[in-house]
Amino acid sequence: MPTESASCSTARQTKQKRKSHSLSIRRTNSSEQERTGLPRDMLEGQDSKLPSSVRSTLLELFGQIEREFENLYIENLELRREIDTLNERLAAEGQAIDGAELSKGQLKTKASHSTSQLSQKLKTTYKASTSKIVSSFKTTTSRAACQLVKEYIGHRDGIWDVSVAKTQPVVLGTASADHTALLWSIETGKCLVKYAGHVGSVNSIKFHPSEQLALTASGDQTAHIWRYAVQLPTPQPVADTSISGEDEVECSDKDEPDLDGDVSSDCPTIRVPLTSLKSHQGVVIASDWLVGGKQAVTASWDRTANLYDVETSELVHSLTGHDQELTHCCTHPTQRLVVTSSRDTTFRLWDFRDPSIHSVNVFQGHTDTVTSAVFTVGDNVVSGSDDRTVKVWDLKNMRSPIATIRTDSAINRINVCVGQKIIALPHDNRQVRLFDMSGVRLARLPRSSRQGHRRMVCCSAWSEDHPVCNLFTCGFDRQAIGWNINIPALLQEK
């Protein structure tokens, strides 16, 4: 996560780069001599030690390569038209596609000794990609109701984290790369409080288990504890924007709404924390409260996690052992246990139940960055990774996972529904999927030109008992979304 907020111009450049994923080659009907005229002039204008025969052969090869790539470019366009036609036909039949985004990352070719071999390689890759798309169609008949209820729009940069307060009044918290954290009314979507005490990206937000306190971690190498007081506005009737969790219409960048308005400018602003936790030598990427709320843990890019006393701000333990930057930390809801995730492909379980000594266990099962690991109420830990898998672990048997979920995109900060044990997976490819602890897919949240995330989804958070929204997601489209998931219907159709 960046320590500084990304500018709007950077976002536009990123959008333009994504649109320009096709190979762009100037087309011409000129003769062979005209086609190679420009490179010839350029070479002749330079002091070259190459013999004229070698230069002539080289220029001829350039011309052949240009013609070959021009043909491949035309084939590329035709194949994309066929894929678009197939998608439209399937959408009309009510089917959905998992991971049907054909990006330039899927088109991987190696240099070959001849242009004809390169052509064959590209054709084979495109056929494989098309076959993958077709084979990924799901025949499941699940039509669980997944309603988009409310969009929370007000941040001026991507949102890294989302969390729900555990005390009354229940509010939603978001942490953003725009250096602020915002508190929202869940029912109305109105911004209630802005916290502007950090001078770097706010990377996480967590609420105290029993008081109106928030804990935020930042790229400014600190974590802040601050108190808030809010009064909820009168809720307005919620429009029904339901759509089946399995139906989807692909959206394009031009459908993205204008989010430049700063609704948080009217919010009461807090600029000074109650407590600032300072011991890290790098970005503080995540933080959480230990059970009871008297201690807090932070995770940093300096490869350590720190345990603090909240009242005194003193460092109690510095947890070392990870070989690379930490990405996340999470505490157990009822026991003094902490789990930390890292780019070193592992996550570690730290046990503080015995005050005199703390033990650590290392979980090795992923092949890429572990983006998050979270506890369930029982004896399980669920981990998500950039290797596109989610693994469920038993704390009593750490040798191998008891379930593995394989997906088509990197997974960010996951969250588990405590009562029903449903895992919400936010993906890099803008999707959000729901799985049970056995690895069975239950639903995919709707995403279309009218609703859903339009950029990477960074985090998910359940709030089971809330009558309006019981699942929240946030992403780098600068918005958080509140969903109503019909969990009984979801489990009934499993």
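Positions of Cβ are set from backbone N, Cα and C atoms, glycine also.
Features as listed in Swiss-Prot:
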- 1-13: compositional bias 'Polar residues' (COMPBIAS)
- 22-31: compositional bias 'Polar residues' (COMPBIAS)
- 32-47: compositional bias 'Basic and acidic residues' (COMPBIAS)
- 245-263: compositional bias 'Acidic residues' (COMPBIAS)
- 1-50: region 'Disordered' (REGION)
- 237-265: region 'Disordered' (REGION)
- 154-194: repeat 'WD 1' (REPEAT)
- 197-236: repeat 'WD 2' (REPEAT)
- 279-318: repeat 'WD 3' (REPEAT)
- 321-360: repeat 'WD 4' (REPEAT)
- 365-403: repeat 'WD 5' (REPEAT)
- 406-445: repeat 'WD 6' (REPEAT)
- 452-493: repeat 'WD 7' (REPEAT)
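Sorting the repeat 'WD 5' (365-403) by DSSP state (H, G, I as helix; E, B as strand; all else coil) yields 0 helix, 20 strand, 19 coil. Same-chain residues lying 6 or more positions outside the repeat 'WD 5' (365-403) and placing a CB less than 8 Å from one of its CB atoms are 327-328, 330-334, 337, 339-343, 345-347, 349, 409-416, 418, 421, 423, 425, 435, 437-439. Sequence-distant contacts of the repeat 'WD 3' (279-318) (same chain, at least 6 residues past either end, Cβ-Cβ under 8 Å): 1, 3, 161, 200-201, 203-204, 206-211, 213, 215-223, 225, 324-336, 338, 340-342, 350, 352, 358. Helix, strand and coil counts under DSSP for the repeat 'WD 1' (154-194) come to 0 helix, 21 strand, 20 coil.
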